[in-house]
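Once you've had a glance at the structure underneath, I'll fire off some questions.
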Amino acid sequence: MGDNKNNGDSGKLLYCSFCGKSQHEVRKLIAGPSVYVCDECVELCNDIIREEIKEISPKRDSDKLPTPHELRAHLDDYVIGQDRAKKVLSVAVYNHYKRLKNASPKDGIELGKSNILLIGPTGSGKTLLAETLARSLNVPFTMADATTLTEAGYVGEDVENIIQKLLQKCDYDVEKAQRGIVYIDEIDKISRKSDNPSITRDVSGEGVQQALLKLIEGTVAAVPPQGGRKHPQQEFLQVDTSKILFICGGAFAGLEKVIEQRAHVGSGIGFGAQVKGEKEKATISETLTQVEPGDLVKYGLIPEFIGRLPVVATLTELDEEALVQILSQPKNALTKQYSALFEMEGVELEFREDALKAIAHKAMSRKTGARGLRSIVESILLDTMYDIPSVDGVVKAVVDESVVKGESAPILIYEHNEAQAVSGEQ
């Protein structure tokens, strides 16, 4: 291999066979049989190949678009329950990508963009549904928190930063980013602070809704390359957001009261008021299914913003039975994840049925939905995961109801069939 020094024996100056530069003009010269190539030409060839791959890959990705049934089946593998929401999402996502695939409208009919609004309590699976869809379609996915966004010119995150994050996920490939999915969480937190427009500017509420309007509907956003700060001399990447699918989600706490007032159900005041008991709590989810655009306006979203989210799907609160299923049934269920961790140590991990029910019951009492399951399982297994790498001969660990309740430690079974509780104090 040559480098940027003279050829030792002959003192002959070497040149790149492609660009003609001498070994003194380049960093490295690679030698072949009577041929030399410099590092600059190698890099140029790499760039040409990368560009060709970029041109081919979008076509290859879009060859086969999964049907709504196939999308739903993929969601079923990872998300428990929420059947209605899965169906709504599958159809909306299928129609969106069908619109992109058939970009040239027939008979002058231009297909409108159908962004999605997900309404459901914390831990009901809103984020997981969006993530799973993106994975199923093999498209870039990014998440944004609406509470961190502010209008341009104010302290906080600019809405265009959302597109920047999406570009980062696909290595600043604009074509790929334009086929991506953006999930904006906590969208209910940017509702207007009061029904009446105020003289003081609401930069984190209505102001953010206004800023998001064009982005969600479709505009060409100018984004600085590689995350640089904007300055006049810089060339921007032009991203067409009309091709990006936006999914907005929020808990919308108290929205059911707005719906009930409209429907004149349970709106009594004083001694004659209807009070919901424990058994009637499930009706809140049922009430949310009756949501109309006017209810969302009253809640604090501006009409123009609601108009950009024509597809609305409501998610129900997960019950104890659903949480038990979430722990064990999906492809990436928590019990399967922790079993895989234990397998790396050569140990089998077993969760008994009563343990799963106890974990689900604890999560229900914390009112965190499926989101709280991981922290419970982590705390149960902490001492065991701490001890096992230092203990020889362990083949199995068993978790039962008493472990979840904190009454005992997980049982360790050794090679010689000896059962012993982990002390957790080693």
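Cβ atoms are placed via backbone N, Cα and C, with glycine included.
So Swiss-Prot lists the following for this protein:
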- 4-57: domain 'ClpX-type ZB' (DOMAIN)
- Cys16, Cys19, Cys38, Cys41: Zn(2+) binding site (BINDING)
- Pro121, Thr122, Gly123, Ser124, Gly125, Lys126, Thr127, Leu128: ATP binding site (BINDING)
Which residues of the same chain, at least 6 positions away in sequence, have a Cβ lying under 8 Å from the Cβ of Leu128 (ATP binding site)?
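For Leu128 (ATP binding site), the qualifying residues are Tyr78, Val79, Ala370.
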Compute the mean position of the Cβ atoms of Pro121, Thr122, Gly123, Ser124, Gly125, Lys126, Thr127, Leu128, which form the recorded ATP site, and then list in sequence order the other residues of that chain whose Cβ is within 8 Å of it.
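Everything else in range on the chain: Gly120, Gly249, Leu315, Gly369, Ala370, Arg371.
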In Å, rounded, how far does the Cα of Gly125 (ATP binding site) sit from the Cα of Cys41 (Zn(2+) binding site)?
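Given the Cα positions, Gly125 (ATP binding site) is 50 Å from Cys41 (Zn(2+) binding site).
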Nearest to Lys126 (ATP binding site) by Cα, among Cys16, Cys19, Cys41 (binding-site residues)?
Cys41
In sequence order, which same-chain residues at least six apart have a C-beta under 8 angstroms from Gly123 (ATP binding site)?
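Set apart from Gly123 (ATP binding site) by at least 6 residues yet with Cβ under 8 Å, we have Leu318, Thr368, Gly369, Ala370, Arg371, Gly372.
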Go through Pro121, Gly125, our binding-site residues, and report the one whose Cβ sees the most other Cβ atoms within 10 Å.
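In terms of Cβ crowding, the pick is Gly125.
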Work out how many Å separate Cys41 (Zn(2+) binding site) and Thr127 (ATP binding site) at their Cα atoms, rounded off.
45
Do me a favour and check the Cα-Cα span between Thr127 (ATP binding site) and Cys38 (Zn(2+) binding site); whole Å is fine.
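So the alpha carbons of Thr127 (ATP binding site) and Cys38 (Zn(2+) binding site) sit roughly 49 Å from each other.
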Measure from the CA atom of Cys16 (Zn(2+) binding site) to the CA atom of Pro121 (ATP binding site) and give the result in Å, rounded to a whole number.
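One finds 65 Å between the Cα atoms of these residues.
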